[in-house]
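> So Swiss-Prot has the following annotated:
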type	residues	note
BINDING	110, 114, 298	Fe cation binding site
BINDING	132, 133, 134, 135, 136, 165, 178, 274	substrate binding site
């Protein structure tokens with residue numbers, strides 16, 4: 001079965017063709033560089049650029065896959081969560097194709113797509129712990145299957161990638177912040193500043209993260225946390241921030257691994273490409289899987305791959321389904337016992 005995967009939840013316009021849930025025939029992505037001058041994503045610009053680009057990106061994906069549009073068996077599209085304007089562009093485009101081609105459509109949750117992405121590169125046996133790190137999401141999950149996911153912990157404020165973007169914007173390090181801070185920090189001393197690392201002691205927040213304190217310390221209270229006589233340079237700020245940002249993840253992650261007794265870890269999301277983070281994770285001495293870069297960031301292949309499996313289990317989504325920018329109380333929404341209700345129609 002050939003599946004056309006469409007992903008437009010944020011600023012990347014992505015279309016892919018995947019066969020039988022795992023064989024990637026094409027995976028085309030158009031980055032919107034217009035946002036760089038604003039040091040962040042402007043929703044109105046993102047949705048307009050998706051409208052302008054999605055047809056040509058789709059044509060490129062089909063051409064790369066050597067596949068005619070009539071040979072597509074299923075259309076998978078991200079319907080939640082994300083920027084509502086961007087989601088609507090992708091969803092309406094997918095609906096138009098489904099109606100005109102008389103093909104089934106399956107709506108996919110963006111978070112579940114990221115959690116599925118590593119499975120397209122490596123054969124990984126369930127269960128495992130997943131760590132999703134991106135500009136919009138930071139969470140730890142326990143996975144027993146592609147649709148049996150329990151969110152153990154998540155950020156209570158900024159996502160990890162979002163904190164990188166905000167610090168980079170303040171110090172004029174460029175956008176997106178993640179790769180720029182990683183590069184700038186290579187020539188810095190990570191011990192120049194001892195920024196605070198947040199860990200929670202309450203049971204209900206045992207696996208959760210927080211980045212607001214770290215972000216505030218780095219942007220507004222810099223000299224308060226200076227611990228060495230090194231100069232206050234961008235390199236030293238970047239290195240010290242990056243160190244604290246990833247130390248922020250380690251304690252909740254260790255807790256999840258210990259409490260679940262699952263010694264298998266899968267890293268997903270754009271931040272997963274950071275090599276400094278990978279060095280930190282590797283020190284945990286557990287079996288760890290990293291997807292390739294093109295599957296770390298937003299992409300259509302993960303939507304098509306998961307869409308294939310969701311369709312076989314749950315069938316198609318109703319054509320009248322709407323996009324949803326947010327998921328209320330999502331720590332409970334993703335528990336395995338609610339899977340059919342929450343995942344079958346995304």
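Cβ atoms are placed via backbone N, Cα and C, with glycine included.
I'm curious about the neighbourhood of these features; can you describe it?
Same-chain residues at least 6 positions away in sequence with a Cβ under 8 Å from that of residue 298 (Fe cation binding site) are, in sequence order, 7, 9, 10, 12, 14, 29, 110, 134, 270.
Around residue 274 (substrate binding site), the same-chain residues at least 6 positions away in sequence with a Cβ under 8 Å from its Cβ are 178, 179, 182, 242, 246. Look at residue 274 (substrate binding site): DSSP puts it in coil.
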> How big is the substrate site in terms of the longest C-alpha to C-alpha distance among 132, 133, 134, 135, 136, 165, 178, 274, in angstrom?
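Taking every pair of listed residues, the largest Cα separation comes to 17 Å.
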> What is the number of other Cβ atoms found within 10 Å of the Cβ of residue 165 (substrate binding site)?
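Within a 10 Å radius of the Cβ of residue 165 (substrate binding site) lie 24 other Cβ atoms.
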> Starting from the Fe cation site formed by 110, 114, 298, give every other residue of that chain whose CB sits within 8 Å of the mean position of their CB atoms, in sequence order.
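Here the nearby residues are 7, 9, 78, 111, 113, 117, 134, 136, 137, 269, 299, 302, 303.
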> With H, G and I counted as helix, E and B as strand and the rest as coil, say where DSSP puts residue 134 (substrate binding site).
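Residue 134 (substrate binding site) sits in coil per DSSP, no helix or strand.
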> Work out how many Å separate residue 114 (Fe cation binding site) and residue 132 (substrate binding site) at their Cα atoms, rounded off.
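Residue 114 (Fe cation binding site) to residue 132 (substrate binding site), Cα-Cα distance: 7 Å.
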